Amino acid sequence: MPPAAATNLGYTPPDGGWGWAVVFGAFISIGYASAFPKSLAVYFKEIQEYFSVSYSEIAWVPSVMLACMYGGGPVSSILVNRYGSRPVVLLGGLMVGAAMVLASYGTSIIQLYVYVGLIGGFGLAFNLQPALTIIGTYFQVRRPLANGLAMTGSPVILLILAPLNQFLFDSFGWRGSFLILGSIGLNCCVAGALMRPKAEAVDTTEQSASLQTEKGKSQSRSQSCVHRFIDLSLFTHRGFLIYLIGNVVMYFGIFAPVVFLTPYAKHQGIDEYSAALLLSIYSLADIFVRPATGFIGNSKWIRPRIQYFFSFAILYSGVCHLLCPLASGYVGLVVYAVFSGLAFGMVSALLFEVLMDLVGAHRFSSAVGLVTIMECGPVLLGPPISGALVDISGEYNYMYYACGLFMLVPGIFLFIMHYYNYKKLDEEQRQSVAVEMKTSEETVKLQIGPDDKTAHEADR
Amino acid sequence: MHMFYIGDHCSTWTFKYDFTFLNEQLSDFALSVSKTLSTTLHTGESQNETIEVLNPIKLELECTWTGDQDKLPNITVYWMKDENEIENSLFHVLMCIRKCIFISQFLSLVVVSPQIGDVREKPIVSYVGDYVVMTCKMEESKPKPSSWNWYKKNGTDEEQIFPAEEPRYKIKNEDEKTKLVVHNLTEADSGLYYCGAVYAIATTKSPVKLKVITYWEPLKPFLAILAEVIVLVAIILLCEKSQSKKDGATGNQRTYRYSYQEGNSSVRQRKV
């Protein structure tokens, strides 16, 4: 049984064909947007010395970038609603490229804030959003799998970018590296070129066409104005609100555990290389589980109740983090890295699929824009709050307990709320089916009425 | 004279390092910690110890006999420096000016000024016409040098850099770190530089490599990747155009729309 929030696309998505090329394009865009801010750390020390600034001043660069990437969500949504995904991703790719090229000629740290942070951040926002949106136009039946595959871009691209950045830095210093990163960022334009706007296949009979246009007329008048920009009526959408509340809280605890994994390992006396290996193990688990989660989410048992699967993934993450302080020695930490890598991958793979499932593909663009700007706060505040917990207590345990709670509580909340939501949706579905049957009966009666004689004649 | 080596008759050794300053003028840089390093050497073992000091030190070597107290042997201990016996060097009093290596059967001691641990192996890369900042930092736990110098390696010599003579160079010193800023770089500035942490006992030198390249170097890969992007985008868009022409030619009823596809679905059906 398909999810209650039907696509309302008006056509049958191909669920394949060129869709896989689009998934690949999304893989690149989403991957670059997620991985790029994390991979810049290797340049900080030298830039810090070059401009004679403190560490916190240089740390503002990725913070501004993240803030603009999340805050730019609504802007991205508006542009996608008006112009479709492709132009926005092309623009985003150009912005990311230009940002780094300009930054390579930068003469002050403020310029880096503007170029890398502001322009780069918005460029990434114009990549992330549209890439997620276009998947919904090409896939319906296989959408969880498509989403899972596209989200795998994030850890894969990070795995490529991190050593690449180290190599570039050693060969060219920070200026040359930024220049080359500019051209690498332009590859997002290639991803954008792949995001062919979906052709409509009009396959309706006259009868149903007229029925739908009836509905369409009334809906269009009230909604078209809003849809041109951004759909604020989402704030009255029950599913959207549940998702929003759960996610905003969850985001406080989602990134800090992996950010502090290496320092935590070193704190326990583990040497630098083994500690770095933990991150690699985490990434490998993440890469493996994302497509797998997409595949499982697609199965006929999970798909109708995919919200529970998502809630479970969040709950499981919370439990992982709560148990982390119990991990003793290197083996314990390896086990934790595997399990939390799996957890993070599961949550990430389903993150946007469940939103699409709740609001439907055509409202998804606005929905994701509104969600990302709300998540701006937790994303920026999460790691510093965790860091403060570590500094104050001198131990990492309290930070892991806190992050665990930040995920456990939303997980439980989502489970309960979605149980209630599914019940309501089933009710509404039954009601609307009853109404439709009544309407079509009446229409048939009306049509046959005047042509009664003709029909009877034809029957003979 | 028969030489007995340290350790012949002792089963444990206690080495005491006492940082006492022999020259009062140097008391400004006093390191007032007295370190006792106990180490157990068994007969036949050799060991290397490295001690970092600021100033000439007094080194005491003490041997504790842990065997049978009745059978206390008559031990003669000599210090030897570079295979020469030091006169009157029984048990104590050692003056080191720079570096002393004591080789015994069991112990080799290297006494040096505080070392800079954090050495950057790979060169710092900068560009012609730009400036570069090279830093050296002495660890927090180690004593701070009295001053810092910078040297450039010229052939086999190390020439000290004097900012007063060459305004291109600027040296900014803080207690525990130093920065050398070189403006208006040229390719000739590439090479090996040394920062020197000056201590009374010696100057610790640490290498910093500099590589100066032109903007053309990173521009090559940049242009290559740019070309790749343009070619790929062109191929993808051209393929799409030719495919849509084919579809139009075969009378396919599909219509391609490039505006708010993913937006107003409710309006979509009207635009047949």
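Glycine is treated like the rest: Cβ placed from N, Cα and C.
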Problem - Feature transmembrane segment in TrEMBL, mapped to one of the ranges A:47-66, A:367-386 - result: A:367-386
Fill in the blank from the handout: One stretch in A:17-36, A:176-195, A:240-261, A:334-355 has more Cβ pairs under 8 Å to the transmembrane segment (A:367-386) than the rest, namely A:240-261
Handout entry: Residues from the same chain, set at least six apart from the ends of the transmembrane segment (A:88-106), whose C-beta lies under 8 A from its own
Key = 25, 29, 32, 36, 76, 79-80, 112, 115-116, 119-120, 122-127, 129-131, 175-179, 181-183, 185-193, 195
Exercise for the section: Kindly say whether the transmembrane segment (A:398-420) and the transmembrane segment (A:240-261) touch, using the definition of 3 or more Cβ pairs under 8 Å where each pair is 6 or more positions apart. Expected result: yes
